[in-house]
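Copied from Swiss-Prot, the annotated features are:
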BINDING   TYR36, CYS56, CYS59, HIS60  heme binding site
SIGNAL    1-35  signal peptide
TRANSMEM  286-306  transmembrane segment
Amino acid sequence: MQTRKTLSWIKEEITRSISLSLMLSIITHASLSNAYPIFAQQGYENPREATGRIVCANCHLANKPVDIEVPQTVLPDTVFEAVVRIPYDMQIKQVLANGKKGALNVGAVLILPEGFELAPPDRISPEMKEKIGNLPFQSYRPTQKNILVIGPVPGQKYSEIAFPILSPNPETNKDVHFLKYPIYVGGNRGRGQIYPDGSKSNNTVSNATAAGIVSKIIRKERGGYEITIADASNGRQVVDIIPPGPELLVSEGESLKVDQPLTSNPNVGGFGQGDAEIVLQDPLRVQGLLFFLTSVLLAQIFLVLKKKQFEKVQLSEMNF
């Protein structure tokens, strides 16, 4: 009887452990797959502040380049590509959340003019579909279809991201006009240094929170350190927790100042933003321009023909 109860208890514990592991796996996977966009989406109504700064820069502190390429002009109700390039050295590795080294991911936010939006699948050409692949584009908000986000996605494969964009038609959307519009882009590579709640990730420098002497350094079993700093003037002790990943720069017995770096800076990524301009062109204006150019060309041809005819008449009169 006792053996049966023991087996039943073991079975329950195993089932509970498996369920807990599955839940943690799902939560962790969701957190990793949505990390870049979801932080901004949850914390900010608009990813671009009034100053022009894109909010991703609040968490990704290093400044890195980003580039965007769009056509100079587009016609209404047409699909075009907005190509975002996020360059970085493919050989470098970043510090992951567990302290190990891994490849960099990239992410981007594309802020289009009102009326522009992600092109529906049935409007995208086969060539463009092949270039885009299976990238999971999404709107920043269900009501903000002109703001698109992507990431994190593997940087080695997607350091260049092509957004398929559908231009609006002023005939059906009265809020849109044939004008020149700005487009804003932000792109990051690698993990951030600050979480939305203000806490630091393990992808940045850890600084001393107090001045004093390093009295003890304990290396934690799962990585990272506990550094005890003793203030000689009052005997107070402060323990700074160093997450796994960064390289320790201090040793026991060393004198520290407040905010002195305790670790190296492991960050190899960063964020950048840029802009471009695009003209929504009126087809009638294009037709008018073509008609004008054709008229000028025909006038020039007739002028040349008339001149040659006049020269022939002059030549015949001289011969006569």
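Each position is counted from 1, following the chain as shown.
Even glycines carry a Cβ here, placed using N, Cα and C.
The structure displayed is predicted, hence computed values, not measured ones.
Other Cβ atoms within 10 Å of the Cβ of CYS56 (heme binding site), summed over all protein chains shown, number 24. According to DSSP, HIS60 (heme binding site) is assigned to coil rather than to any helix or strand.
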